[in-house]
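Reading through the structure tokens given below for one structure.
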Amino acid sequence: MIQHIRNFSIIAHIDHGKSTLADRIIQFCGGLSDREMEDQVLDSMDLERERGITIKAQTAALHYQAKDGKNYLLNLIDTPGHVDFSYEVSRSLSACEGALLVVDASQGVEAQTVANCYTAIEQGVEVIPVLNKIDLPAADPDRVIAEVEDIIGIEAKGALRISAKTGEGVDQVLEMIVAQIPPPEGDVDAPLKALIIDSWFDSYVGVVMLVRVVDGVLRPGNKILLMSSKANYLCEEVGVFQPKAVSHKSLSAGEVGFIISGIKDLKSAKVGDTVTLADRPAGEPLAGFKEIKPQVFAGLYPVESNQYDALRAALEKLQLNDASLHFEPETSQALGFGFRCGFLGLLHLDIVQERLEREYDMDLITTAPTVVYQVVLRDGKITEIENPSRLPDLSSIEEIREPIITATILVPEEYVGTVMTLCTGKRGIQKNMQYMGRQVMLVYEMPLNEVVMDFFDRLKSVSRGYASLDYEFKEFRAADLVKLDILINSDRVDALSLIVHRASSQHRGRELAQKMRELIPRQMFDIAVQAAIGAHIVARENVKALRKNVLAKCYGGDITRKRKLLEKQKAGKKRMKRVGNVEIPQAAFLAILQVDGK
């Protein structure tokens, strides 16, 4: 039986047609009836459908009768394409022996295509190149085949030419999967070993674990042991997704399916853990995945302070399905009680915020995203700081190190100049530049905090949307960094603090103060907005008070009478300023992102 199993995933850049091809394959194999079929059938979240992106990996077990007359079981594992979710891709690939590399025949190879393909090759997966969208008038398959060979370096002469939209060539893809992807290796009689690829929480049955069985057989009623936590559970149900969940009598070596065993806490079923039988455990656990560390941090605060507990509950529920989301409570003088949350990137932050607002009906204030800095103190201690307002006193700091990433940018040659200017402006150091057909591959080392700000949007705008970016963390490196504070009426607003490079700090301070002046609504008293580095004020702007014309009722009359009224108004404003609070709108917290550190 194991000879007739094929485990494969589909890897591609965003918008190259992964989910559409998955739909066609499911339809072709009869996984869903025409009535149940809908676009992006594996994208189960509404958010995934609306944005046209895949966030969570999904699976489908399909039966296919090949032209040689044999019946095959195809396990399709769908993967995300966005750089923020690249860890999901490596998890999906670890359960496969093969991968379809889908490339848009009009767009050509893009940065995530390269990154995901290298991940597949590193994991020893058989890669089958597929050119999609050949029905488009702009399709140029010959150029794209040359690009695949030049940039990625895999043989692509015999690449399949298909159109997932119309279904043309899908049957050839299935035949290619059967012919080229090797069957899984595994021993049905050995002790059970199953790798947890994903786990999520279901309110009816508890935690559902998606596993790839490597050796052995698992049946409902078996006692299972999770090897990292040494916890025992009773296996209640096993089965596969076709894409709807279907219960089976057993899961055996080579198969991909789900296990339900009444686990209440997602932390117990860690992704990358090995499941084995309690009464006949495996000797060694399988090689898991490296822990994913959040790259970007932001504060999430409820607009109403009585919503704090509801926000905690909502974050805990989201964390059940998204192990890469980290959060811890924090307080801010300006915003009250909230949470410091860690994300994989800006898209991840955006999606979490939108899910909180949409699914849990929360009203949130989000502070500008920051990255983790390493601070070396004079006594030799090293601490990691993800909130700029927690930076220790400058006199006790030896050096501040910022995270550096290696960014790979693929861009058509006519936009190379503007992209290089942008990277240099973001303190990038060029490491490599290769011409590949009509595209150029640029490799830069850049500080992550420059990328987090607005790099992605600016890259798209200077290249008219053609450039694509992939990055990975390299190291922490010492830099000349300072903390920029914003003072409103001489009070520091901790949520507006940020860490910037000294060279651009004055400019950033001036721009930020100007931006604040525009965004803070006028009150009945003057508001002073100042930008400060330590005790040194680098910029000041005033938000002028709204004032009533107190002289309106004086027709002519004595100047002293007018002066008395004006003095009285001035004294009232002064008193008001002493007790008055300034409401800072949400837009002001995100203004940091729009300020350009030139």
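The backbone N, Cα and C atoms fix where each Cβ goes, glycine too.
Since the structure is predicted, the reported quantities are computational estimates derived from the model, not experimental observations.
Database features (Swiss-Prot):
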BINDING   D15, H16, G17, K18, S19, T20, N132, K133, I134, D135  GTP binding site
DOMAIN    3-185  domain 'tr-type G'
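Features per Swiss-Prot, on structure.
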{"residue": "D15", "record": "GTP binding site", "CB count, 10 Å": "14"}
{"residue": "G17", "record": "GTP binding site", "CB count, 10 Å": "23"}
{"residue": "S19", "record": "GTP binding site", "CB count, 10 Å": "24"}
{"residue": "N132", "record": "GTP binding site", "CB count, 10 Å": "30"}
{"residue": "I134", "record": "GTP binding site", "CB count, 10 Å": "20"}
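Following the DSSP three-state reduction, the secondary structure of N132 (GTP binding site) is strand. Per-residue pLDDT, averaged over the domain 'tr-type G' (3-185), rounds to 73.
The binding residues for GTP are recorded as D15, H16, G17, K18, S19, T20, N132, K133, I134, D135; their greatest pairwise CA distance is 17 Å.
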